[in-house]
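Below: the structure, in structure tokens.
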Amino acid sequence: MTDAILQVSDLSVYYNKKKALNSVSLSFQPKEITALIGPSGSGKSTLLKSLNRMGDLNPEVTTTGSVVYNGHNIYSPRTDTVELRKEIGMVFQQPNPFPMTIYENVVYGLRINGIKDKQVLDEAVEKALQGASIWDEVKDRLYDSAIGLSGGQQQRVCVARVLATSPKIILLDEPTSALDPISAGKIEETLYGLKDKYTMLLVTRSMQQASRISDKTGFFLDGDLIEFNDTKQMFLDPQHKETEDYITGKFG
């Protein structure tokens, strides 16, 4: 098996001393889509935000354990979190384009990193928008506001904004839950098309989505990782009753 790109060991997360994630250990392989499923409050989004230290932005969050990326524990005091979030990018549940042009949305991270050359920026915009499967829809209006796009288009621009910084890993926190089925389908197609270049971790409430596009699935309940397996194996032959009850809709 290929060496893991991300190794989580004994990870616990507390919100104001209340444990939200309980000693979770698992690893993620390169160029796979991993779905994280479970009911609300199960810990799946907490785990996701822990993988590029987004939890640090909340002063009430305390994290213990380790997350090893590129041979280094990202929770080391020496970690440059700006560089970390460039390599491990995130797409949120609600489309959150900045109130600026489509072009400026996509190059935002590049400008923060000091890139000013227009040719470099132009090429990055086209490549990222193509990667997010939205180039043909917006190539003639790059200087229009991204706010004027549909919800599905806005979310794909947000994907492009992450792609522009050349991440190794993309974290997606329920990226289609606020979208109509057609727009959600386009996002799924986009993610599946990116799998040969990126490692992706997807929090989803849709069992159908998890089964359609993910290679592996982790099921969370009350802060515990109950089961982690190949997606096909988990959905056909879950090893825990809680997993079976959840994926068959008996609770959630």
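Cβ from N, Cα, C; glycine included.
Owing to the predicted nature of the structure, the values given are computational and were not obtained by experimental measurement.
Feature annotation from Swiss-Prot assigns domain 'ABC transporter' to 6-247. Annotation source Swiss-Prot lists ATP binding site at Gly38, Pro39, Ser40, Gly41, Ser42, Gly43, Lys44, Ser45.
Feature map: Swiss-Prot annotations on the structure.
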| residue | record | Cβ contacts under 8 Å, 6 or more apart |
| --- | --- | --- |
| Gly38 | ATP binding site | Lys44, Phe219, Phe220, Leu221, Ile226, Tyr246 |
| Pro39 | ATP binding site | Leu221, Tyr246, Phe251, Gly252 |
| Ser40 | ATP binding site | none |
| Gly41 | ATP binding site | Ala20, Asp222 |
| Ser42 | ATP binding site | Phe220, Leu221, Asp222, Gly223 |
| Gly43 | ATP binding site | Val13, Ala20, Leu21, Asn22, Val24, Phe220, Asp222, Gly223, Asp224, Leu225 |
| Ser45 | ATP binding site | Asp173, Glu174, Val203 |
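According to DSSP, Gly41 (ATP binding site) sits in a coil region rather than a helix or strand. Per-residue confidence over the domain 'ABC transporter' (6-247) averages 96 (mean pLDDT, predicted model). The ATP site, placed at the center of the C-beta atoms of Gly38, Pro39, Ser40, Gly41, Ser42, Gly43, Lys44, Ser45, has further neighbours from the same chain whose C-beta lies within 8 angstroms: Thr46, Phe220, Leu221. The 10 Å shell around the Cβ of Lys44 (ATP binding site) contains 27 further Cβ atoms across the protein chains shown.
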